[in-house]
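Structure first, commentary second.
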Amino acid sequence: MGSSNKLDRGIGKNSTMRYAIRNYDLYIMLIPAILYFLIFHYLPMYGVQLAFKDFVATKGIWGSPWVGFKHFERFFNGYNFGRLMANTLGISLYSLAVGFPIPIILAIMMNELRNGVIKNTVQTITYAPHFLSTVVVAGMIISFLSPSNGIVNKLIVALGGQPIYFMIEPAWFKTIYVLSDVWQHMGWNSIIYMAALAGIDPELHEAAIVDGASRMKRIWHIDLPGIMPTVVILLILNVGSIMNVGFEKVFLLQNNLNMPASDVISTYVYRMGILGAQYSFSTAVGLFNSVINFILLIIVNTISRRVNDVSLW
Amino acid sequence: MNNRLIESRSDKAFDIVNGFLLVLITVIVLYPLIYVVSASFSDPMKVLNGEIILLPKGINLDAYKKVFADNEIISGYWNTILYTLVGTAVNVILSIITAYPLSRKDLRGGNIFMGLFTFTMFFSGGLVPTYLIIRDLGLIDNFWVMVLPGAISIYNVIIMRTYFQSSIPFELQESAMLDGCSNWRILWSIILPLSMPIIAVMVLFYGVGHWNSYFDALIYLRDQAKYPLQLVLRKILVQNQMQQLMNSASESIAQQQVLAEGIKYATIVVASVPVLIIYPFLQRYFVKGVMIGAIKG
């Protein structure tokens, strides 16, 4: 007791100074991280001022002239603003509606399995696709869905149908994106709920069994409320990144013909900024995206804190 | 009594339906993987004709011979191995020395640093300012661009910090401090030996991340000789460019198109096998990492 007082108690600047001097090495350990976050995160954040400037190559980010909201106006009035927003939100909401509940259901189902060997096998197999790279998954999708020799269309033809041009038909894009994501990540995303289910007090279940509650009833009245806090936290995080449709897979599955359904803000920023070198304009688009996300995160977090007493911070 | 019997019968039905659905889900997840492996070992003509259902037919290793003879794939493989080894080492070392001070409850100002770091999870400068700054730093086409921009994942730091706090008694460190041990010494001789499980988790998380990533390479690398495996794969699988693989004049165009199909499946296998073989053995570590991450809440 006395020892811990000596180490972490003490009020006032003087003792803080003494603490810092005695433990200077702890702060030295933090130096690489501080530099890393300053250079690779905070410097770019400071660099978003480019969104309000006209980038001049010779003057760089800091020296270019200010132009106000010009780039934002151009983006909002652009012909593809509506399409970008619709695609970005469309893919996100579709993912959320399908991809969010499935891992929860899967975890509850796996939790109800009594045979340990089967349980392990199911887990090992459903987690596996998570370790494939996005490039590999995109390659598999394109090969499987090929109209001439993909296995999916072979099956459709064998059943008497006409081959479907999945990859160039805009109407299919979002479904392909969402379902392949479910295939790849549902197992992995269920782990966190499995952990929450394992944390539920077994006595609750025992008492319910004594009272004659069926499996479905116990799932509904014990398991679901037990994992609710985890569900809410993950929902907050998901809603908070609703404008962040993962660039990587959309970009790989994108082609000129499915563009009406597949062009999202992140791929647009890449095309305009990195490929087209319109640095100021694409920074403005990116900033618009980040700000919406951040506002959404704060709103959802606040609502959740008021209603459920669960929040990120 | 009667009531109990009915209940247990419905529970039995539940078990059967539940088991059946899970087996179905497992088969759906597994099937595409089996198909890829089977197709890669089969006669490509049979793949194109849709004859492959489950097992390989007309065993044929031509696709693998082409893949292993291709300079681009081999160089991509080496580059990826190099990026993964160096990148993971940097990641793990930096994460340890960042997570340790932040795990110390007696650290003054710890919350400020923690807040500064976690804020970056929720807000970022975006792609273009990051790109311009990395370009200004002269990192384009530099080896270190594959290591430094992702040097620390704050998510992983939080997992490690939680582990240090919850699995290693603080009293152990206190007594060492009273003996006049420096903090480096405490980290090295007390924390690290007790943290091997979490370090394994970190090596896996970061390692798989490096192995599978293509985004940074796409943006920051111009020189094809430096391309990691995933960018080479992108050319073959997504952009359908495999001229180099097809340079021999002895094959007709029709033959080449047939072989191209086999090559795609073979490259998927070659690129994914290292991770998929290691993963089942380390599954419990991965799962542990996710669970520790969940505790933080």
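Backbone N, Cα and C atoms are what each Cβ position is placed from, and that goes for glycine too.
Here TrEMBL flags B:77-282 as domain 'ABC transmembrane type-1'.
Residues 47, 52, 54-56, 59-61, 63-64, 261-262, 265-266, 268-269 of the same chain lie 6+ residues outside the transmembrane segment (B:20-41) yet bring a C-beta within less than 8 angstroms of a C-beta in it. Summarising the annotation, TrEMBL assigns transmembrane segment to B:20-41 (among others).
Feature annotation from TrEMBL assigns transmembrane segment to B:81-100 (among others). For the transmembrane segment (B:81-100), the residues of the chain that approach it from at least six positions outside its boundaries are 117, 143, 146-148, 150-153, 156-158, 160-161, 164, 183, 187, 191-192, 195, 199, 202-203, 206-207, 210-211, 228, judged by C-beta separation under 8 angstroms.
Here TrEMBL flags B:112-134 (among others) as transmembrane segment.
Proximity of distant same-chain residues to the transmembrane segment (B:146-164), defined by a Cβ-Cβ separation under 8 Å and at least 6 residues beyond the stretch ends, is recorded for 83, 86-87, 90-91, 94-96, 98-100, 102-103, 117-118, 120-121, 130, 134, 139, 191, 195, 197-198, 201-202, 205-206, 209-210, 213, 216-217, 220-221, 228, 289, 292-293, 295-296. If you look up TrEMBL, you'll see B:146-164 (among others) marked as transmembrane segment.
The transmembrane segment feature in TrEMBL is assigned to B:185-208 (among others).
Annotated transmembrane segment per TrEMBL: B:262-282 (among others), in sequence order. Counting only same-chain residues 6+ beyond the ends of the transmembrane segment (B:262-282), those with a CB under 8 A from a CB of the stretch are 36-37, 39-40, 42, 44, 47, 60, 62-64, 66-68, 73, 200, 204, 208, 211-212, 229-230, 233, 236-237, 242, 245.
Same-chain residues lying 6 or more positions outside the transmembrane segment (B:185-208) and placing a CB less than 8 Å from one of its CB atoms are 84, 87-88, 91-92, 95-97, 100, 153, 156, 159-160, 163-164, 167-168, 172-173, 176-177, 275, 282, 285-286, 288-289, 292.
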